[in-house]
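Taken from TrEMBL, the feature domain 'Amino acid permease/ SLC12A' covers 43-175, 294-572. Residues or ranges marked as domain 'SLC12A transporter C-terminal' by TrEMBL: 586-704, 718-962. What TrEMBL lists as transmembrane segment is 44-67, 79-109, 130-149, 155-174, 288-308, 328-354, 433-451, 457-478, 490-507.
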Amino acid sequence: MDTRPKVSSLLNRMANYTNLTQGAKEHEEAENITEGKKKPTKTLLTAISMSAIATNGVVPAGGSYFMISRALGPEFGGAVGLCFYLGTTFAAAMYILGAIEIFLVYIVPRAAIFRSEDALKESAAMLNNMRIYGTAFLVLMVLVVFIGVRYVNKFASLFLACVIVSILAIYAGAIKSSFAPPHFPVCMLGNRTLSSRHIDTCSKTKEINNMTVPSKLWGFFCNSSQFFNATCDEYFVHNNVTSIQGIPGLASGVITENLWSNYLPKGEIIEKSSARSSDVLGNLNHEYVLVDITTSFTLLVGIFFPSVTGIMAGSNRSGDLKDAQKSIPIGTILAILTTSFVYLSNVVLFGACIEGVVLRDKFGDAVKGNLVVGTLSWPSPWVIVIGSFFSTCGAGLQSLTGAPRLLQAIAKDNIIPFLRVFGHSKANGEPTWALLLTAAIAELGILIASLDLVAPILSMFFLMCYLFVNLACALQTLLRTPNWRPRFRYYHWALSFMGMSICLALMFISSWYYAIVAMVIAGMIYKYIEYQGAEKEWGDGIRGLSLSAARFALLRLEEGPPHTKNWRPQLLVLLKLDEDLHVKHPRLLTFASQLKAGKGLTIVGSVIVGNFLENYGEALAAEQTIKHLMEAEKVKGFCQLVVAAKLREGISHLIQSCGLGGMKHNTVVMGWPNGWRQSEDARAWKTFIGTVRVTTAAHLALLVAKNISFFPSNVEQFSEGNIDVWWIVHDGGMLMLLPFLLKQHKVWRKCSIRIFTVAQLEDNSIQMKKDLATFLYHLRIEAEVEVVEMHDSDISAYTYERTLMMEQRSQMLRHMRLSKTERDREAQLVKDRNSMLRLTSIGSDEDEETETYQEKVHMTWTKDKYMASRGQKAKSMEGFQDLLNMRPDQSNVRRMHTAVKLNEVIVNKSHEAKLVLLNMPGPPRNPEGDENYMEFLEVLTEGLERVLLVRGGGSEVITIYS
């Protein structure tokens with residue numbers, strides 16, 4: 001007998017907020033992680049991380065992409081790899097533009113195709129020249145790369161020699177300037193720097209034929225070329241014109257003026273702070289040297305950063321290296337140390353030898369366009385000019401060599417389908433198609449033509465790559481995966497984390513909007529790879545992180561049962577398989593997906609009857625079939641298949657052992673055993689009742705879908721209709737929660753919820769309706785409420801007839817068991833037990849012990865056996881005759897009466913409902929009444945198209961509290 005409370009008394013308590021079980025308390029502990037503060041270090045951090053990853057196994061083609069993808073997975077690897085590819089490709093465009101600028105400004109200025117006398121249009125003409133020559137240079141470099149990488153390597157030696165000579169020339173010139181500085185005058189008006197491009201002498205007047213006449217400079221600041229009656233600029237009148245040494249030399253002490261930063265806005269006049277000047281403003285004259293762009297630390301970092309992005313050049317060509325594990329760490333770290341020394345020493349030397357006004361003059365207006373570093377160097381400025389030109393050409397060739405190989409590695413991994421064509425190469429291994437795409441993208445950068453616009457884009461892509469290299473190293477170190485055994489020992493997760501933080505900070509410091517754009521691009525690529533389903537198992541750190549996070553979460557869930565507010569159905573769906581390992585009722589999975597709407601745990605289980613050693617292959621095939629069906633029905637969950645000697649035992653094992661720790665199922669979903677009445681085999685329904693008993697013993701909720709084939713698919717959508725809930729007894733609120741969850745899915749969203757409850761003779765139906773409406777209001781569930789009154793009435797003849805038919809059928813099957821056993825034994829003789837895979841559905845058990853005998857079957861027919869058979873048949877006929885004269889049991893009559901009357905009410909109210917949810921009574925304690933229990937449930941649900949029988953697990957699953 002059920003001891004669950006009556007709905008009438010329970011509703012009254014619920015409406016008054018009393019006696020509600022709120023579930024277990026949440027025992028959550030806050031973890032305070034204290035991290036030590038470390039002083040940021042800006043050198044070598046990314047190189048150290050990359051060295052550790054590069055020495056943790058063979059690094060084939062792909063370099064940084066290969067390292068990131070194998071450490072963080074295909075999604076991160078593909079997203080960052082493509083961004084790094086774009087950065088390297090745009091770097092090639094930047095280097096080519098730099099070479100063209102040197103070529104047109106310092107080597108062959110007359111080669112310019114576009115010219116303009118107007119100073120305002122001069123920069124636009126220069127950009128057009130850079131576009132034309134840049135395209136020509138790009139085509140030439142692509143041809144060199146196309147011929148083969150060995151020719152690039154030959155050119156690299158020449159370029160390296162030019163760079164080394166140029167660097168040595170700078171050091172020699174700086175030393176020479178300490179005792180013999182070069183003649184490099186700069187014209188000043190007061191403390192303001194003047195452009196020397198249009199003036200003939202650095203003075204207000206000049207001597208011609210022993211006569212003092214105004215200079216060109218006078219005409220720029222005065223309205224008349226004569227001394228008399230001329231109105232001049234106030235600042236020009238009150239300040240003298242002087243000439244200072246632009247490169248005073250190493251011993252001049254100018255470093256004291258250049259030591260501190262002085263960022264200026266665009267259009268500001270470049271001034272020498274230590275020079276004398278009258279305190280008058282004057283007018284802004286175009287003969288002054290002006291700041292061409294608003295400067296700041298962030299802007300300068302963005303412009304300067306591409307000059308240090310060459311640390312990945314070696315790793316990009318990892319496929320061409322003889323021993324990448326050895327070459328990448330040594331080459332990268334030595335390159336960084338060398339370039340760091342060169343860069344820092346040159347910064348110090350320039351600040352100690354050159355005036356600040358010259359350093360700020362980007363286009364050299366104050367020094368007639370001469371190359372300042374070239375003037376400083378020794379023995380000739382041409383050493384710097386030629387060295388710079390070949391240096392930028394060599395960097396461009398290296399980028400055009402590395403970028404296609406990076407793209408080819410991404411394409412060969414087949415994580416981005418539309419890039420597959422770029423994985424092909426020539427017979428000599430050169431990535432032809434990837435090279436052509438690289439050239440096309442580089443051409444876009446050349447068409448932009450402005451270095452200041454290209455440089456920040458490069459900075460973002462490179463910084464993002466460096467960030468993820470550091471993240472990969474830190475993640476692998478912290479996870480302590482067994483395969484993490486790098487030969488390079490001088491690394492630590494704190495250094496990698498510091499490098500990652502600096503990269504992220506620099507991204508936003510340089511240009512926050514470019515940083516956001518770069519992250520959005522990477523995020524879109526990540527989601528695309530994830531959407532395409534890049535099923536690559538590379539043992540990456542993200543998977544290891546997921547395992548660690550899952551372990552941590554499972555351990556936290558073990559702390560106690562979930563609070564009522566957090567309760568949701570965690571499903572174990574029991575499926576039936578036919579002889580061909582196909583799912584009999586796939587709509588059961590469809591219903592599970594609609595109920596879950598992608599949330600929570602779903603385990604799909606089934607049982608194969610047999611021996612595990614013999615049926616392992618069939619079990620794997622069935623598991624794959626179920627997984628494919630789960631994917632088709634969009635069920636996110638796990639599949640669990642059990643091979644057991646008996647079906648009932650297999651189901652019991654699933655119910656007991658599925659799940660892990662706190663992630664265990666709390667609800668079992670199964671189908672109703674259709675056609676159980678027509679089956680002569682009692683096992684067709686005994687397994688079903690056994691499953692109900694096991695579920696009840698495990699304190700799990702149970703959902704039984706009847707007529708599951710009529711349930712809607714995921715593509716069907718009800719435009720109207722009702723979900724009817726018949727709340728007979730309270731079982732934790734499952735009946736209230738389930739329709740709400742179903743309505744979250746598009747199939748049921750437009751259906752309305754109607755809740756019916758039954759009032760007995762002593763109940764106040766009006767008060768029950770008010771209490772139920774109040775309870776639903778507090779639950780925040782919109783539903784129509786109706787109380788159905790069921791009064792005692794006389795038992796109809798139909799009820800007696802149904803009860804008698806039920807009992808007669810039960811007794812008849814008992815008397816016919818012997819003859820059935822004989823038929824089974826005869827059929828057993830033609831079965832080959834060793835070859836037939838005996839798969840049964842949830843609802844039948846072919847190995848039920850009560851239906852089989854273990855004695856040996858004799859092939860001979862003896863006289864004794866014949867007489868024994870005659871005696872058994874006579875007893876059977878006597879029992880059948882007694883059965884015809886029996887009267888039904890009164891307790892069965894009362895139960896049948898309740899089922900019939902309730903069914904009449906349900907059918908009357910809900911015959912057009914899209915789904916009917918109904919309390920499912922528990923099975924009888926005495927197994928002798930199992931057949932009657934099945935008949936009661938059948939009568940209760942007759943005439944309804946879709947029925948979901950619901951039995952709670954004994955705990956509250958819904959609450960009125962927030």
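Note that Cβ sites are derived from N, Cα and C of the backbone, with glycine treated the same way.
Owing to the predicted nature of the structure, the values given are computational and were not obtained by experimental measurement.
If one looks beyond the transmembrane segment (433-451) by at least 6 residues along the same chain, the residues whose Cβ comes under 8 Å of a Cβ in the stretch are 86, 89-90, 92-94, 96-98, 101, 127-128, 130-131, 134-135, 138-139, 142, 145-146, 303, 400, 403-405, 407-408, 411, 421-425. For the transmembrane segment (328-354), the partner stretch with the most Cβ pairs below 8 Å, chosen from 79-109, 155-174, 288-308, 457-478, 490-507, is 155-174. In the predicted model, the domain 'Amino acid permease/ SLC12A' (294-572) has a mean pLDDT of 83.
Looking at 79-109, 130-149, 457-478, 490-507, the range that has the most CB pairs within less than 8 A of the transmembrane segment (288-308) turns out to be 457-478. Ranked by the number of CB pairs under 8 Å to the transmembrane segment (79-109), the listed stretches 130-149, 457-478, 490-507 are led by 457-478. Residues 38, 40-42, 45-46, 48-49, 51-52, 301, 305, 459-460, 463-464, 466-467, 470-471, 473-474, 477-478, 514-515, 518 of the same chain sit 6 or more residues outside the transmembrane segment (490-507) yet have a Cβ under 8 Å from a Cβ within it.
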